[in-house]
């Protein structure tokens with residue numbers, strides 16, 4: 001009986017995973033909804049109407065195609081934020097738009113977007129516009145969807161993730177709202193369109209998008225219980241999301257508004273660590289302290305490092321998110337140096353030594369600036385005071401007075417691998433003198449008998465970068 005019970009559980013889980021892996025949506029059978037309309041006419045809206053947008057509007061009107069601003073730009077305008085990016089939706093198909101732009105001699109860009117129903121045009125060689133045909137998701141597998149074009153604005157709104165992102169705005173200033181997005185913006189509520197489970201199963205990345213927009217919009221730390229339960233029930237689907245998509249969303253979350261509260265919910269309530277490449281026991285206390293102290297001047301990887309305890313955990317995170325080289329090295333640097341930085345928090349000499357090791361030590365001469373930024377992020381991650389951080393940022397390091405050519409010209413060192421040994425030896429003497437030894441006094445030590453052979457020690461004194 002026990003075996004039969006276990007088998008039943010396994011079968012039900014398998015069926016549930018299979019049914020959600022190819023989700024057929026009945027969106028095109030929806031009952032018609034009378035949308036709420038809201039007229040807006042503010043400065044941010046009027047600022048969008050460049051001569052190029054007016055030309056675009058007239059082109060679509062001339063051919064009786066509808067075109068509206070869609071999604072995030074509408075949300076931002078209702079929140080009195082001037083949108084940085086404006087996307088458009090239209091009843092015109094990609095083929096119809098291509099024919100129209102070709103007839104009007106308007107250049108089109110990024111033609112691969114046609115596969116997804118998007119055409120990008122450039123008007124008067126001055127402004128680009130991205131227009132996507134209205135569509136419905138016919139079959140979804142949690143990552144991508146098979147789509148079908150439509151002329152029904154309600155059906156397109158229904159396929160979007162959150163109510164606040166399902167709004168349209170026509171070019172006369174009328175906001176069109178089918179699913180309560182206006183009211184949710186007014187109350188700062190973040191909710192999925194329709195059934196949260198279905199929306200998540202259509203694209204599991206929506207779990208992270210929910211948390212990102214919760215941080216941006218909400219005025220309360222509390223989530224709706226049904227939404228959190230839908231996320232918990234469907235979190236396994238995140239295993240199939242590409243690394244690039246995960247990191248694109250997560251890096252905005254960890255430095256965004258309310259990041260400490262949002263990440264706490266993601267980790268403690270929803271247990272998303274495994275799908276994000278984070279350690280099982282994240283240090284949320286350190287994350288919160290650093291975020292509250294430096295809410296607008298820490299890098300995403302600095303905040304990720306705050307959640308971690310060991311350098312190897314950055315490698316695990318990298319496997320999930322496919323970090324850039326600079327991002328990975330920053331995380332590893334913070335984890336490697338954090339304990340020493342805490343011990344020397346008030347010791348200016350230690351921080352100055354790190355500047356010299358990173359920027360002046362032979363072999364690092366071309367790293368100025370980029371590596372200094374890592375040190376600044378390290379200082380913020382250990383809650384250094386502002387005076388210390390400014391010292392790190394503004395410190396001007398003197399140049400090491402010895403070059404390879406100086407050693408060869410001195411006749412005290414033969415050409416070959418030993419030149420490198422001497423160069424590092426003299427650098428350490430110069431550093432020990434607090435950078436007061438001159439070129440002449442340093443060269444006197446070029447023939448010292450106790451110069452270590454660095455070729456025998458692969459872990460050279462040159463620090464990892």
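Including glycine, each Cβ sits where the backbone N, Cα and C put it.
Caution: TrEMBL annotation is automatic and unverified by curators.
Pulled from TrEMBL, these are the features on record:
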- 68-190: domain 'Poly A polymerase head' (DOMAIN)
- 224-268: domain 'tRNA nucleotidyltransferase/poly(A) polymerase RNA and SrmB- binding' (DOMAIN)
When the pLDDT values for the domain 'tRNA nucleotidyltransferase/poly(A) polymerase RNA and SrmB- binding' (224-268) are averaged, what is the result?
97
Within the domain 'Poly A polymerase head' (68-190), how many residues are helix, strand or coil going by DSSP?
39 helix, 43 strand, 41 coil
Over the span of the domain 'tRNA nucleotidyltransferase/poly(A) polymerase RNA and SrmB- binding' (224-268), count residues by DSSP class, listing helix, strand and coil in order.
37 helix, 0 strand, 8 coil
